[in-house]
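A short worksheet on the structure shown next.
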Amino acid sequence: MDLRAELLKSIWYAFTALDVEKSGKVSKSQLKVLSHNLYTVLCIPHDPVALEEHFRDDDDGPVSSQGYMPYLNKYILDKVEEGAFVKENFDELCWTLTAKKNYKPDRNGNSVVSHQDAFKLWCLFNFLSEDKYPLVMVPDEVEYLLKKICTAMNVELNSCELDDYLSQEPQGQGGLTVWQFLDMVNSGRFLRGIEQEAISMAVEEVYQEVIEDGYLWKKGQLRRNWSERWFMLKPSVLSYYMSEERKEKKGSITLDKHCCVEVLPDRDGKRCMFCVKTLSRTYEMSASDTRQRQEWTLAIQTAIRLQAEGKKSLHKDLKQKRREQREQREQRKAAKEEETQRLKQLQEEKERKLQELELLKEAQRQAEILLQEEEQRRRQQHEEMQRTLEIQLREAEQARASMQAEMVLKEAEAERQRKRILELEDMQERLQEALQQEVKARQDEEAVRYAQARLLAEEEEKLKKLMKLKEEQEEYIIKTQREKQVLKQEMENKNKCLEEAQKQLEEVRVNRQRVDQDVMAAQRKLRQASTNVKHWNVQMNRLMHPIGPGDKRTNVSGGVFAGYQPLLSRRDSSLK
């Protein structure tokens, strides 16, 4: 299907949408506006003279599709250049015109697909529909499209339920119209229990697979820097643009049979790299993930193979093959019916001839009674006719044997096809297992990172507790020093009292006993404080030096408060 046929399909929807009275004709003013919009979206220079001349007001009345086709071919389709316009904008124009009249989603907002997803399904329908008007999609293509959407969501399509639905749905021209197809999808009968977001992602994935474009990182040739570009793949060229609007084209890569695609190791901070090698240059690119890299490399390799085989598009080639297979099935069915009819005719001929044979025998018996002389001649005639019938019977048996042999060959071919389908299903299961393993590996990596973050948080919490203990120790040391100063002052007072003890000896003895008791209590406090200081010094050293893997524990005799031990010993001596 060439570009002209693709554009005509969308324009046909726009034309029929303007036909409000369903008479097959559209007013000239509406066709004038439609032609002006087609000029704009197809990036064709406007020809106002031809437009006014063709759609001037006269008494001819509305214009039919056949009357509009000469102008459409001469002034619009003949001037269209592939790659000079954005086809998505063209499709959106035609979709906007036809959806207002024909697309009727659920007014309560319970539609399975959004308006944008309905537009993409409309584009996919146009791509897979038959090349005859009115446009319909045969049941095989409907099942093919629904299976691709379900495969993108890892859901299995219920083929039996689809066959029941298609058998109940009235089909014109041997298939479904796009509005019947959208109503079937919005009914939720085949996508039951699936969220709208998942359906939207699946439709987007199938749409992008058919369009074959997306973002990649590309390495420059002169500056050698990495830039993000929007790539669009065609069978003969891989073009890249500044953004997905495709307004500013940055370059293109011509694909031929001498090109090849290779996967590259990660480097320069880029991952999922691959390159496209041509005769003149090597283009390095980077995808967002491994799956996208695999899809792009496979698509480019397929484009190179199609270019070498002289084909235009993978999906168009697959569509043509499916169409040829349907035609072959129809031909085989017609041939089988014809062969059955021929066998039936042969059987009837055989029965008729057997009846004639019985009549001849009866005539021969009557002739034997009436004419004995003609017995020999009639017997010879009878034998000759019998030989003729036997020859015809042998030919019929041979034809039957050849048909049976052909049926055996067809069954063998069907068995080979079933084996091939089983192999493809096995390969698909292996690919899904590999994808699940990758997802599990990523989940394990996230769990390890979470555990590491938790350990760091616990270590930070312990460090805060350690600093708090250190502050408490410093406060306790300051308090002990203050008590020491108080004790020194008391010693001085006691010395003064000793000078007066000569006069008041009895009072001094009493005071001395009280002082001794106070000294003993102070010694107990000092010993307890020294023990506490040593204990917290050991705890401080242990927390300030966490033991790592492979480190040896060292016995630290000193610490933060080691300098206070001589001070305590001097105090003990002064008290003594």
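Think of each number as a place in line: the chain as shown, counted from 1.
Just so you know, glycine gets a Cβ as well, placed from its N, Cα and C.
TrEMBL entries are annotated by machine, without manual review.
The domain 'PH' annotation in TrEMBL covers 209-305.
The region 'Disordered' annotation in TrEMBL covers 311-344.
Annotation source TrEMBL lists compositional bias 'Basic and acidic residues' at 324-344. Long-range contacts of the compositional bias 'Basic and acidic residues' (324-344) within its own chain (CB-CB distance under 8 A, at least 6 residues past either end) are made by residues 138, 140, 399-400, 403, 410.
For the domain 'PH' (209-305), the predicted model reports an average pLDDT of 79. Secondary structure of the domain 'PH' (209-305) per DSSP (helix as H, G, I; strand as E, B; remaining residues coil): 19 helix, 43 strand, 35 coil.
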